[in-house]
Every structure is written in structure tokens, then in C-alpha cells.
Amino acid sequence: MNTIDFTTIDLSKEAPVTEPDRQYYFIAKAREYVQKQSEELGRALTFCVTTFGCQMNARDSEKLSGILEQIGYVEETDEEKADFVIYNTCTVRENANQRVYGRLGQLNRVKKQNPHMMIGLCGCMMQEPEVVEKLKKSYRFVDLIFGTHNIFKFAELITTRMESKRMVIDIWKDTDKIVEDLPSERKYSFKSGVNIMFGCNNFCSYCIVPYVRGRERSRNPEDIIREIENLVADGVVEVMLLGQNVNSYGKTLKEPMSFAQLLQEIEKIEGLKRIRFMTSHPKDLSDELIEVMRTSKKICKHLHLPIQSGSTRILEKMNRRYTKEHYLELVDKIRAAVPDISLTTDIIVGFPGETEEDFLETMDVVKKVRYDSAFTFIYSKRTGTPAAVMEDQIPEEVVKDRFDRLLKEVQSISSEVCSVYTDTIQEVLVETVNDHDPSLMTGRMSNNLLVHFPGDKELIGKIVPVKLKECKGFYYIGERVPATE
Ligand code: SAH
Ligand code: SF4
Ligand code: F3S
């Protein structure tokens, strides 16, 4: 991809119909418009991509940035100064939507001062028809709206907007298409997310993701391997394999392949040091996968295994397709195979019909599993999902009380669990200069814990041994020790 010279594309011809050539054509075309505008203004045009939501969105945003850079925009981190602002939105909980509307109001004021400003919206929220209706009615200053299925068309849509001067809206209901080989601009030089599948078929009854991300489809293993090989050649040592349910990877391929088999192929890639993945659905976590995790030299010692609720009765209403007992058995099996593995989870409090007894079942799982950390969420009603119309929605005060009790338990366990590594030496991938103290570097251990230690920014991207001196609850203070090898 990096070798494409967009200046050689002949724009006097019609746009090609096949992808990704069609998008390369529109990148070249949009470049001309940007160049012209930038000459008129006597300065470079700038962009700012703001990401809401999960790692999938973060990865999509790298693709948006890659395309914008190829078009000729330069990154600007202050959104209010940028000529092109795009929000990559999330709609998994209602408060994510509210934040977008709030910030859009603010952007409108900025746009009045900078008439060159273009505002784009994409991502999961745009797949909801009510959202697009509201934007069309009350947010006319937005220039470009597209969804999750046609993000690959970004260059084409920008071109359409530049030529039409009107609000451009393009939302697809679903797709079976996966377009490979588009530009992407990575946030980190040494690690990267890699999509292995898109969409979700699970339809957990509270969740909007299957409606906004469409049906599950897996990328071809050859495309995934080729992407990772290219990333490694470009300096990447750690990949995070991304999917809503990575454990069902490969089921929709012409030649089916399991996630465990894919991991074994990725393990063989020379130069790649660490492999992470998310998210694992407990119902599809196979013995084969546990075995691969046990023997792998590269798979990190961390498993994110969302439980959502500890009550089998609620799990059934959630359509999660496992029981409390099955989940606890899985945890035992994983810990027996990989004893020092770090376990994290997601929990929803206040699902319709959740009684105090159900909630205590969740507390019981938390106490039994002793998670390294847990993301806790208050149930948010998503229109169109089965749970939204279930009887017995739980009053806010009750949910808030349960949420606070859960959070307290989770935090107290997690600080106990995290401190067990004090005085050990761990390999850490050095990621950044510490935000608060520039003499410290921040690195990540295999188990996903962070450690801050005195060091130089030359270390960024390297894996070094660090002695953990002091646990500060969720992270460590450490010091470098000489490599043992
Ligand atoms: N595919 C992943 C989850 C993606 S969404 C999985 O199945 O584990 C991330 C998390 O958001 C979920 O694990 C769930 O805990 C939470 N979530 C999803 N829908 C929600 C809702 N309606 N209200 C509150 N939390 C929700
Ligand atoms: Fe949502 Fe369930 Fe799919 Fe996860 S597996 S994205 S929670 S429907
Ligand atoms: Fe949000 Fe979409 Fe991810 S709804 S959590 S950004 S898949």
C-alpha cells in the first residue's frame, strides 16, 4: 500500500469500479481539491479525528487518519483549530450519544468562525436511523455522515462533498464486503490493532452492536498474516487481534479455520513478539484455544472474558448462552493451564428484572474469580434491542446502589491481586514517556499491567526487563535491570 504514488493516477478517466483502486482514484482527486484550497489559504489544511468507543473504532480511526493524510491534510490535535473534524462515534450506551451531541453544539460555534471547517460523523451511532434524522433536522452544519459498513469509501465521500457543497449522507444497512489495502496511520509505531473479523451474530439482548456493525464476517487468514508481516517489517512488535467475538473467528470463511489455528499461524511470524486479542465470548472459548495459550511463547498472559452477570437466570435473559457454573469452570480450566494469567471482565448492573439475589450472584463471581480488573457498566436501554421492552426495568437509585457496591468490591480485590508481583522482574514493552513525570517511562507487562520507571525515550518500542518495586493499586513503580540473556 505504501508504495502507491497517487500523483500518477489519471484523473481524466472515469473512476474504476473495483476496490481498492476506486478509492485510490478518489484519494488522488481529493488531493487536488485540498492542494488548491491550501494554496488559496497559504497554509496546510489540518484534520482532527476524535474517537469514541472501543478498540475497533480506534482502529477504524487510524484508517480515517491514513486516508486524510494521503489526501494532503496534516494532523492537528486541537479540534477547534482543525479544518476537517471527524467524530468516529459509539452508541453502546446512551451517554456516548449525549457526549457527541454536546460536542457538536460546541463545534458549530467554532465553524462559524472558520468557514473552511468541515465536520464529518461516522461510526456506530450513524447506523441508527433516528440519529441521522435528528442530525438532518437540527445539525445542518454537519458536512458528511457515513456509517460503519462503508468507511472504506471515505475518500470518495469527501470528494462528493467537495464537489457538491451540500450535506452528504451515505449509510449502508449491512455489507458482506471487506476492502483490503487502504491507507492507515498508526497511533503507535510499535503496536497495532488488527481486525480479524467484523460484526457480531450473538444478539445479546441488551446490546446494539449487532444492529450497527452488521453480521459477523471474518477476514481471510492470508490477509491477516500479510498485514501483520507488513506491520512487523514496519517496526511493530505487538498486535491486538480485534473482533467482537474472536473465539468464533473463521466460521464464515469458505475454508473454515478456528481462532486457535489462526493464532498458531500468527505465532510463526518472525519478529513479532507479543499477541493480544479481544474480545473472547465465554460460550465459544475452546479447549483448543486454552491449549494454544498454554504453549504459546507470544500470546500475552491476559484474557478479557466478559461475564456480564453472575446470575444464570439473568444470563439467560441476556441471551449469553452460558451459566454461572460454566463460566467458573472455564476460569478454573484457564488458570490450571496458564497459572499466572491475568483475568479481566465486563459487568452490567441493573439489567431488567435483576433482583438483589441476582446481583449477589454477580458479587459472588467477582469474589470467586478475583479479577485483575473489571469494567463495570450501568445497564443502558438501547432502542430496538429485546431488553429495551422487557418488563421490570430497575429504578435508578437501586442500580446506583448496586453499582457502587460492585465497584468497591472490584477495586479492593484488584488492588490486592495486582500487588502480588512486587519485587519480581517482568518484561515490559516500553510505550510512552510518563504523562506527569518526563523522567519516567511507561511500559506494559504481558499481563497488561502498567509500570512507570526511570528511563530514556530511546526505549520506546523495546521490550526490557524491569524490577517492580512498589504497587500503587493499578500500576507499579519499577526500575530497569540488566537483561538476563
Ligand atoms: N463483544 C464484546 C462486548 C462489546 S461491548 C463481548 O461480548 O464481550 C463492550 C461492553 O459494553 C460489553 O461487554 C457490555 O458489558 C457493555 N454493554 C453493551 N451493551 C450495554 C448496554 N446496553 N448497557 C450497558 N452496558 C453495555
Ligand atoms: Fe454485543 Fe454480545 Fe455481540 Fe458482544 S457478543 S458485541 S455484547 S451482542
Ligand atoms: Fe461502541 Fe461500536 Fe465499539 S457501539 S463499543 S464503537 S462496536
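Cβ coordinates come from backbone N, Cα and C, glycine included.
What TrEMBL lists as [4Fe-4S] cluster 1 binding site is Cys54, Cys90, Cys124. Residues or ranges marked as [4Fe-4S] cluster 2 binding site in TrEMBL: Cys200, Cys204, Cys207. If you look up TrEMBL, you'll see 45-163 marked as domain 'MTTase N-terminal'. Here TrEMBL flags 186-416 as domain 'Radical SAM core'. What TrEMBL lists as domain 'TRAM' is 419-482.
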Quick one: which residues besides Cys54, Cys90, Cys124 have a Cβ within 8 Å of the [4Fe-4S] cluster 1 site's Cβ centroid, in sequence order?
Phe52, Gly53, Met56, Asn57, Thr89, Thr91, Val92, Ala96, Gly123, Met125, Val209, Val212
Count, for each of the binding-site residues Cys54, Cys124, Cys200, Cys204, Cys207, the other C-beta atoms lying within 10 angstroms of its own C-beta, and report the residue with the smallest count.
Cys54
Quick one: of the binding-site residues Cys90, Cys124, Cys200, Cys207, flag those whose CB is under 6 Å from ligand 3, and say none if nothing qualifies.
Cys90, Cys124
Starting from Cys207 ([4Fe-4S] cluster 2 binding site), work out which of the binding-site residues listed here (Cys54, Cys90, Cys124) have their Cα within 10 Å, and give them in sequence order.
none
The answer for which binding-site residues (Cys54, Cys90, Cys124) have a CB under 6 A from ligand 2 is none
Sort Cys200 ([4Fe-4S] cluster 2 binding site) into helix, strand or coil using the DSSP assignment.
coil
Taking the recorded [4Fe-4S] cluster 2 site as Cys200, Cys204, Cys207, identify the other residues of that chain whose CB atom sits within 8 Å of the mean position of the site's CB atoms, giving them in sequence order.
Asn202, Phe203, Tyr206, Ile208, Val209, Pro210, Gln244
CA pair Cys124 ([4Fe-4S] cluster 1 binding site) / Cys204 ([4Fe-4S] cluster 2 binding site), Å rounded to integer, equals 17
Return the residues near Cys90 ([4Fe-4S] cluster 1 binding site) by Cβ distance under 8 Å, restricted to its own chain and a separation of at least 6 in sequence.
Phe52, Gly53, Cys54, Asn57, Ala96, Gly123, Cys124, Met125
When secondary structure is assigned with DSSP, how many helix, strand and coil residues does the domain 'TRAM' (419-482) contain?
6 helix, 35 strand, 23 coil
